[in-house]
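**Q** The following block contains the structure, expressed as structure tokens.
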Amino acid sequence: MNEQHDSRRRVRVAVVFGGRNSEHAVSLMGAGSVLAALDRSRYDVIPVGIAADGRWVLAPEDQTFQIEDGELPAVADTGAELALPSGTGRLVALDPGRIPASLGEVDVVFPMLHGPFGEDGTIQGLLEMAGVRYVGSGVLASAVGMDKAYMKAMLAAAGLPVGPYVVVRDREWRLDRDRVLKDIEGLGWPVFVKPSRAGSSQGISRAGDVAELVTAVEAAREHDPKVLVEAAIEGREIECAVLESFGDEPPAASMPGEVLVTDDHEFFDFSAKYIGSDMSLQVPADIPVAAGEELRQMAVRAYEALGCEGLSRVDFFYTPSGSLIVNEINTMPGFTAMSVAPQLWAASGLPYAELVDHLIRLALERPLGLR
């Protein structure tokens, strides 16, 4: 069991990345930035890769974590397989033909994971069972944050404005498609179609009529049998990052920033985020001061409504009439040094390496279990 850390020695951090989902490469890019930011005089670092088949392996630190020649990075399946026995807080190396060897107790895990089997509460539950402290939100907030349908329902229940949407479940789509299509037509055209439980803007399409809608839903179902269809909202995309504070201080909100994409992209998709240089971030966003302050307050409310911990990013639409609509909250946002949330905090006076330190310190001070 991982007890209070001994401040006289280096903090042992396991950075976990990869995973068996479509966001495997995005995870590695964030992990590369985290590994580079960790001061080895203060941290004893263990890089842990989760291969595409779900096996945990001891990863080399010199692995390429960036897109090269259009090729997305992947966990190199060459290291010793690892296990995390429940309740021990110790990583165990399982080299074929050798006696299992303990790598020692881990003080904190930095789960640099996105998507299913990583950002959705599963890894958080595993770490709770193993008795290891970890960076970021707990089981419930992670699970709700991963499922956009439940997320929107919870945000609306907290009194936050969300746009109109329809949830398309697998059974309904297969057995009662005409009714589902009629419900969606009630949103008006165009609509945006996305997997309910995927991230990095993967599987998202814009549909302007029924034929395009059917194609878009089928494309989203390749990522998730549960699909979210949202009414198009005219507005600018404004982002705000929220960070847990120490002690009894309330969560802090960053300066708001506006995502700007080139004319080649109708929306902020995977390509605009990670491939090429089609996205830029303007910080602070060019909106009235009062609107910016309202947005920051709403971001904290969204963070608290889900019970988030650590760092989250809240995405808004700022409409021509000056209204703010919460689009979604991301409990483990993209985390390369050039990703939106770290850029927002850097512009707000918290550089990347200090942000990483802050998150690890929060995790070390946080109790396991109910809190």
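Backbone N, Cα and C define each Cβ position, glycine as well.
Curation plays no part in TrEMBL annotations; they are all automatic predictions.
Under the heading active site, TrEMBL lists Glu23, Ser200, Ser339. Residues or ranges marked as ATP binding site in TrEMBL: Lys148, 192-194, 200-201, 230-237, 327-328. Among the features that TrEMBL reports, domain 'ATP-grasp' is placed at 152-361. Annotation source TrEMBL lists Mg(2+) 1 binding site at Asp315, Glu328. Marked as Mg(2+) 2 binding site by TrEMBL: Glu328, Asn330.
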**Q** According to DSSP, which kind of secondary structure is Glu23 (active site) found in, if we only use helix, strand and coil?
**A** coil
**Q** Spatially speaking, which of the recorded positions Glu23, Asp315, Ser339 is closest to Asn327 (ATP binding site)? Use C-alpha to C-alpha, please.
**A** Asp315
**Q** Enter the number of other CB atoms within 10 angstroms of the CB of Asn330 (Mg(2+) 2 binding site).
**A** 23
**Q** Within 10 Å of Asp315 (Mg(2+) 1 binding site) (Cα to Cα), which of the recorded positions Glu23, Lys148, Val193, Glu230, Asn330 do you find?
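**A** Checking each Cα against Asp315 (Mg(2+) 1 binding site), the hits are Asn330.
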**Q** Considering Cα atoms only, can you say which of Glu23, Glu328, Asn330, Ser339 is the nearest neighbour of Glu234 (ATP binding site) among these recorded positions?
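**A** Of the recorded positions Glu23, Glu328, Asn330, Ser339, Glu328 has its Cα closest to that of Glu234 (ATP binding site).
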**Q** Using all protein chains shown, find which of the binding-site residues Val193, Ala232 scores highest when you count other CB atoms within 10 A of its CB.
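**A** Max Cβ neighbours within 10 Å, all protein chains included: Val193.
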**Q** Specify the secondary structure state of Lys148 (ATP binding site) as given by DSSP, simplified to three classes.
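**A** It is helical.
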